[in-house]
Each structure stands twice: as C-alpha cells, then as structure tokens.
C-alpha cells in the first residue's frame, strides 16, 4: 500500500476511535491499536487539528470535542486554592462535568487548563495529582477568580449545579 494511503487510513481510524469512545483515549492506546509509535500519534493528532478536528488533550487522553448532547456553560467563580476539591465535587455530585479552567493573566491574556472530571473518583485523582505535583493551581494567578466550562446532560441539571455553586459562595454573579 502506498505511504500516503496508509497514513490517510490511520487518520480516519483515529477519528473513528475518538468518535466512538465515551472516555478519553490515551496516545499509548491509539499507538498500540494502530501499530505505530506514540510519536506518530502525536504528529497525526497535530495534523488532524490543523484540518479542523477539535481534538483536546486531557490528562487522561484525547477526546474529540463537540457534538455532545446536553448543555454547556462558561461559569465565573472565585474561591481559595484549598476549596478546589469542594468546588469540583459540588459540580460532579450534581451531575455535571468540569471541562476546563480559564484565568486572565496580565501578560499572557487567557490561560486555559484541561480538567475534564465528571465523577468523585476523577475529582479525587485530579486533586491528588495537583498535591503530588506540588504545583500552584491556575486560580492563584488571578486572586481566585476563574472560569470553568461546565457541561450537563440538560438545563435542569445545569440549574441545580448553579444553585449549589451559589449556595457555597463560589459563583460570581452579575451586578
């Protein structure tokens, strides 16, 4: 088979695998399944992104963003670093997913980090990873003020999440 055709088939396979997967797919999994190196997968993902595929690298692997059913909302919140776990649990216990965290930086502008948690287990793993890495969370760059993209299966679930964030004093409201 011609080199170009082999790559095109592999690219189609990557998109198909990501479309069908309900969970993030690691580069190592893709490499093994497609019998190529991890580096080839990294290059293929970069190429697919250049073609317009919205492939996001999360701590647990690649996901093809968009096309999900449900509602998504960008939410402004403020809290101390030690309240991260409580904030994330507040969202997942009410049926939501925290996609990312976004902070404003005076020099760099917007800085975005992928969180991608939707269960208590994932929240605990994420918080544990932050503690083990001994790194400052992004919210420390902006005095605790930050944004999250939150996804929920429906508007009713999203409203429940918003009420809970407000009740805990995390939600920044207009006015």
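Just so it is clear, glycine is given a Cβ too, placed from its N, Cα and C backbone atoms.
Cross-referencing 87, 136, 156 with the Ni(2+) binding residues that Swiss-Prot gives (79, 146, 148) picks out 87. Non-local contacts of residue 79 (Ni(2+) binding site) by the CB criterion (under 8 A, 6+ apart in sequence, same chain) comprise 86, 87, 139, 144, 169, 170.
A sphere of 10 angstroms centred on the C-beta of residue 148 (Ni(2+) binding site) encloses 23 other C-beta atoms. When the binding-site residues 87, 146 are compared by the number of other CB atoms within 10 angstroms of each CB, 87 has the fewest. In sequence order, 77, 78, 83, 84, 88, 101, 139, 144, 170 are the same-chain residues whose CB sits within 8 A of the CB centroid of 79, 87, 146, 148, the residues recorded for Ni(2+) being left out.
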